[in-house]
Amino acid sequence: MANLGCWMLVLFVATWSDLGLCKKRPKPGGWNTGGSRYPGQGSPGGNRYPPQGGGGWGQPHGGGWGQPHGGGWGQPHGGGWGQPHGGGWGQGGGTHSQWNKPSKPKTNMKHMAGAAAAGAVVGGLGGYMLGSAMSRPIIHFGSDYEDRYYRENMHRYPNQVYYRPMDEYSNQNNFVHDCVNITIKQHTVTTTTKGENFTETDVKMMERVVEQMCITQYERESQAYYQRGSSMVLFSSPPVILLISFLIFLIVG
């Protein structure tokens, strides 16, 4: 882990040092330099954008100053100041027409990632969260009748589980046991209010199905918990702290 942090430090120092030097280089075409920022005004190489159609400065039909049909100052049909048909100031097609539009709200990606990793907290269930939808597992119950019954009725069984954060449990068995109980209870109550009842066979199969889903949920939570712990260890190492401090110095400076 320390070697990885050192290599990251060397790589970012080299990259940001090069960027820092690029920022300090003078840009061509500045004020009082050899290259003119405004074409046609005394550049050593002549006018980069000569008038079209044979018309000189101040002549009609050739982009003249204040004349029609050529992009004149304040005149139509040529992109004039504040006039239509040419992308003028505040008119259609111009880049400045976007100034007065309200900016779109930005989505907080950190909150989205946290909600996706931890699941949605369910109100009224005392801190239980609802996991993401899963495909119902393929289970064999030991008899052709039960296997066929399961295939025909699996759509009536839960495809999401309720659970608490895994750090509230001492082991996987406790997590799975609590997950199975609360999930079957909530699904049974919700379905019963819709006028549908479950038989003993349904309850038996639901227990098997939900148990497999709760085990899968525990494995997902364990992996996410391990990744969060690894990230904390990585960002708390001295090389990474030094790297972040150096990057902040370059950005601010």
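Numbering starts at 1 and runs along the chain as displayed.
Glycine is treated like the rest: Cβ placed from N, Cα and C.
What Swiss-Prot lists as signal peptide is 1-22, and the listing cites similarity to another entry.
Per Swiss-Prot, the feature region 'Interaction with ADGRG6' maps to 23-38; the stated evidence is similarity to another entry.
The average pLDDT the prediction assigns to the repeat '1' (51-59) is 47. Summarising the annotation, Swiss-Prot assigns repeat '1' to 51-59.
For 52-95, the entry in Swiss-Prot reads compositional bias 'Gly residues'.
According to Swiss-Prot, the feature Cu(2+) 1 binding site maps to H61, G62, G63.
For H69, G70, G71, the entry in Swiss-Prot reads Cu(2+) 2 binding site.
If you look up Swiss-Prot, you'll see 76-83 marked as repeat '4'.
According to Swiss-Prot, the Cu(2+) 3 binding site annotation covers H77, G78, G79, on the basis of a curator's inference.
What Swiss-Prot lists as Cu(2+) 4 binding site is H85, G86, G87.
C179 (disulfide bond) falls within a helix when secondary structure is assigned with DSSP. Residues or ranges marked as disulfide bond by Swiss-Prot: C179-C214.
In the shown protein chains, 24 other C-beta atoms lie within 10 A of the C-beta of C214 (disulfide bond).
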